[in-house]
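Asks: For A:87-453, the entry in TrEMBL reads domain 'Glycosyl hydrolase family 13 catalytic'. Residues or ranges marked as substrate binding site by TrEMBL: A:251-256, A:315-319, A:385-390. Annotation source TrEMBL lists active site, nucleophile at A:Asp253. According to TrEMBL, the feature active site, proton donor maps to A:Glu290. Per TrEMBL, the feature site 'Transition state stabilizer' maps to A:Asp386.
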2 protein chains.
Amino acid sequence: MTHRDLAETRFDLWAPDADSVTLLADGRKLPMSRGTGGWWTAGDAPRGADVDYGYLLNGEATALPDPRSRRQPHGVHGQSRTFDASSYQWGDGAWTGRQLAGGVIYELHIGTFTPEGTLEAAIGKLDYLVELGVDFVELLPVNAFNGTHNWGYDGVLWYAVQEEYGGPEAYQRFVDACHRRGLGVVQDVVYNHLGPSGNYLPRFGPYLTQGSANTWGDAVNLDGTGSDEVRRYITDNMMMWFRDYHVDGLRLDAVHALRDTRAVHILEEMTVRTEAAAVALGRPLTLIAESDLNDPRLIYPRAAHGYGLTGQWSDDFHHAVHVNVTGETAGYYEDFASVAALAKVLTHGFFHDGSYSSFRGRRHGRPLDPHGTALWQLVVCIQNHDQIGNRATGDRLGAVVGFDLLAVAAVLNLCSPFTPMLFMGEEYGAGTPWQFFTSHPEPELGKATAEGRIREFERMGWDPALVPDPQDPQTFIRSKLDWSETSGHGPDGAAHARLLEQYRTLISLRRSLPALTEPDFGSVRVEFSEPERWLVMHRGTGRDAVSVAVNLGDEPRAVPIAAGATVLFSTGEGVVPDGAAKVSLPVRSAVVLGALVA
Amino acid sequence: MTHRDLAETRFDLWAPDADSVTLLADGRKLPMSRGTGGWWTAGDAPRGADVDYGYLLNGEATALPDPRSRRQPHGVHGQSRTFDASSYQWGDGAWTGRQLAGGVIYELHIGTFTPEGTLEAAIGKLDYLVELGVDFVELLPVNAFNGTHNWGYDGVLWYAVQEEYGGPEAYQRFVDACHRRGLGVVQDVVYNHLGPSGNYLPRFGPYLTQGSANTWGDAVNLDGTGSDEVRRYITDNMMMWFRDYHVDGLRLDAVHALRDTRAVHILEEMTVRTEAAAVALGRPLTLIAESDLNDPRLIYPRAAHGYGLTGQWSDDFHHAVHVNVTGETAGYYEDFASVAALAKVLTHGFFHDGSYSSFRGRRHGRPLDPHGTALWQLVVCIQNHDQIGNRATGDRLGAVVGFDLLAVAAVLNLCSPFTPMLFMGEEYGAGTPWQFFTSHPEPELGKATAEGRIREFERMGWDPALVPDPQDPQTFIRSKLDWSETSGHGPDGAAHARLLEQYRTLISLRRSLPALTEPDFGSVRVEFSEPERWLVMHRGTGRDAVSVAVNLGDEPRAVPIAAGATVLFSTGEGVVPDGAAKVSLPVRSAVVLGALVA
């Protein structure tokens, strides 16, 4: 079923190479007729919601699920079910959207955010997020995958919402609940590959480029024969999230794996359709790329021959902070082992801006044009699902460093000139891990996934017995947040509660201090000492001036600040400026200082 | 041997994964020592020219040729020989270079341009080219390949000049002779693949990307580990042509096959090094991409986030002319079957500017920004080595249409707003074909090449017996120009001579009429009639106004022109404007008209 015009639900199917197509709907077989461009249509098909259906290609006996299916109540191999997206009564009429600029994002995974692991249960936590002060929730992919739980990147039916999460109507209720509380919603979407089970797309048309694989499977056909419709499959899906689900932005997974040689890159085509949708819907829409390319072109305006995306993730910030607080320097962390690396990131956005990347064995990236980009266009974090979950045991930063350094890292993130993102639980220093978990029903696939994962870490020197089995249901359950940690009780209760309060304060400070969200690259000035391991970032001028000072070392340090500055926030105890141009920072502490208002 | 600093010749070798390297030089074995970045050097190696040498990797017994070899006197599998590029006494001191803008290019293949097939023999034809009036000669690739003759795209040693052509010193003499006659030299270079025999690069380092092939073999490693040196291998090679051989420009073969995901594309890196070389050498240097992408980014300035190349080939012009004069509409010609297609090309540059390409089964290209590009940046032709040689029998346009339409096509090419290129012999309507020829010494490779070629055309409906065997030496010999055709004798002698005179006149007109080379996209205005099959192109205004009118049909046509225009050139007989605003064109004819100067 498609919604080519979203006002009507119709059984239209793109199957350019099929000799015949039969619609199986509520047990009835309805022959379809071929229209133009490889599209088939069924004449007297049933209308409305809750019709179970599938497509029989070339006289075959087994019905395939609809590539644009909205519901898969019997799993991704079963029949599809129609869903009337227009029947939901929205209550977000007052919502006028939210620009990314100045915002704070909260990344969460529906399955592990709450004990229940549903969209409905997540609604129960929204007031907590409002109190925390974030502006957007960003959901890991919710599209339909085989099995009951996983991270979401094994999706095969991009138009469906996983039933375990509650299906499409629950998704509408969730977005509605967010909007009614003033929270925007960013949805993580995967257009660069399909999961290993339940991908019937190649049966219908040239969705994939055979023989051209990326890390996760056959590449999506973006520039070969028939790719116009494949690109439309993608951009129509984007429109679905914006129009049927009122989503405010999309996080585009791993855009470096989108292989596209066309003169108009698919990312630019996404921008064009999104900009048109923003006009039609009358609210800002945001596109954020996850990109490993350090390529400014992604966010340069189209008029400057860029792709015009709103923003892009920049892992360099994460790496610089992570290395400086943990001392870990293996793998891709190697080049970031200095305070200078952190200073470069804070002032230039990209650390790898054409510099040599040891991990890649080549130069990487290019400088951002400070005149063509704004600081908030880089989305950064100190933890996210990948940076935690791709560790052998899925241990969070708090398991590596203590609460003191967690708070220092939080200051760097939330006072950074970029758009900060938090990973669920980070704000209270969750003690629960976030591990790699899967639920492949096929035993071979489950075995291969588990063994592959364990072997990968064995090669890196891990004891295989310590690497959690992704197929073990306990790995999933262990990864769920334990909200009792926020109660203030338990061994780390006070520390959790204190960190949570620090996050609330920092987010509130960010909102109240214009200097912190000043978009101009020239607005960041950094001083640091490599041997003494401190760094001061200066933002704004005059009465608006703010300095953020961190001591990453194991000795107290006196660091330079503006004379007469006052402490607005401190992670350490008893931080008092000496009245002149220095402040003494305890070990592993951070402080935010404002100009003394006369 | 490398010329990292071209003032000195040294035996330096990049072999990052070798355990040991021994230089074999004039029979002596000299152990090399590992320096930084995977570079090895030999301490007391012989100096100067004419040293036969090779490299023994990891104690192996067989010496491999140098990846940067300048000469391969014993073929590409044999030892290399040093060449002192600085010993040649150049006589082109008065040469100050040539901008591409306003120029006419003459494409030639050294092996078939003259009976001898050498650079030396080609020098003997330069005065003829000067008389013809072209500005640049463009040589098909001359780098070293296995065998004695082929088109040049099977090169494996990019720094060497094929011995059969005369080797590197003959190449210097050739460029010198061109420059002394006021001719610029463009060299066709292939950086997207290596030939099937004699490619030892993977033995030395990660030059290729394994498992990622393009049409012709493993892709060159432009963005993987170690690719910094691979990119330098390419750009150093470019510098060699510019500095050691005084070349004025490079034609970059099939840039769409350069797979590069880096934020700084290799084409942009080429531009950066070429611009620096132009400053250092004090003369303009030109980079022209052969591109199948219809992507304006290639020629947008770097400041506008383009790659900054000087120009790019645009096949659309060829296709539009070819279809309109031949009526052939198979394969990629299909979309061009209208006078309107020709009109679109003349006014927009790209026909496929986002329009649907039947051949590709998808939309293709994007519009050129008329404010960011100049018309001369598109290099066009009505015949080239590919468009002729990739036909089953390598028959030229003259074998398909008569001399009348040849002349009409010539008018379109040489009065086009773009940079026209001629293919050797085109100017006199050569009766010799230009076929696909190879000389693989390995019988299996020869057999596979021949059979592949024949099968390809068999699939398209050709009688295999009619497709020339590329390995047959006669196929090569048949493809040589027969200069006796220009003598005026023989059955078509007068026709050849007349066409040659028409080419001379048209090139001379192009030079003398400023309107024809006006660079602004807005300067081209076209009128046409689809049913009557005529087209008029108007350039310039006032006293400079020029109109180019062509009648592609089989009936005489009266076409609109400026009142009072005078005939500057006509392919037909007795073309006289009626004094008002019409001119009567005979069937299959073209006319160039100028404003009547009072």
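Heads up, the Cβ atoms here are built off N, Cα and C, so glycines get one too.
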Asks: Sequence order is fine: just name those binding-site residues in A:Arg251, A:Ala254, A:Asp315, A:His318, A:Asp386, A:Gly389 with a Cα within 10 angstroms of the residue listed as 'active site, proton donor'.
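Replies: Checking Cα-Cα distances against the residue listed as 'active site, proton donor', the binding-site residues within 10 Å turn out to be A:Arg251, A:Ala254, A:Asp315.
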Asks: What average pLDDT is reported by the model for the domain 'Glycosyl hydrolase family 13 catalytic' (A:87-453)?
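Replies: So the average pLDDT across the domain 'Glycosyl hydrolase family 13 catalytic' (A:87-453) works out to 96.
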Asks: Could you measure between A:Asp315 (substrate binding site) and A:Asp253 (active site, nucleophile) for me? Cα positions, answer in whole angstrom.
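Replies: One finds 13 Å between the Cα atoms of these residues.
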Asks: With every protein chain in view, what's the tally of Cβ atoms within 10 Å of the Cβ of A:His318 (substrate binding site), excluding that atom itself?
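Replies: 23, counting other Cβ atoms within 10 Å of A:His318 (substrate binding site).
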Asks: Check each residue in the chain of A:Gly389 (substrate binding site) that is at least six apart in sequence and keep those whose C-beta is under 8 Å from its C-beta; list them in sequence order.
Replies: A:Trp151, A:Trp434, A:Gln435, A:Phe436
Asks: Cα-Cα separation of A:Asp386 (substrate binding site) and A:Asp253 (active site, nucleophile), in Å?
Replies: 11
Asks: Translate the DSSP assignment of A:Glu290 (active site, proton donor) into the three-state scheme.
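Replies: For A:Glu290 (active site, proton donor) - judged by DSSP and reduced to three states - the answer is coil.
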Asks: Cα-Cα, whole number of Å: A:His318 (substrate binding site) versus the residue listed as 'active site, nucleophile'?
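Replies: About 17 Å separates the two Cα atoms.
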Asks: Sort out the sequence-distant neighbours of A:Arg251 (substrate binding site) for me: same chain, 6+ apart, CB within less than 8 Å of its CB, listed by position.
Replies: A:Glu138, A:Val186, A:Gln187, A:Asp188, A:Val189, A:Ile288, A:Ala289, A:Glu290, A:Trp313
Asks: Measure the Cβ-based neighbour count of A:Asp315 (substrate binding site), defined as the other Cβ atoms within 10 Å of its Cβ.
Replies: 21
Asks: Give me the count of other Cβ atoms within 10 A of the Cβ belonging to A:Asp386 (substrate binding site).
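Replies: I count 19 other Cβ atoms within 10 Å of it.
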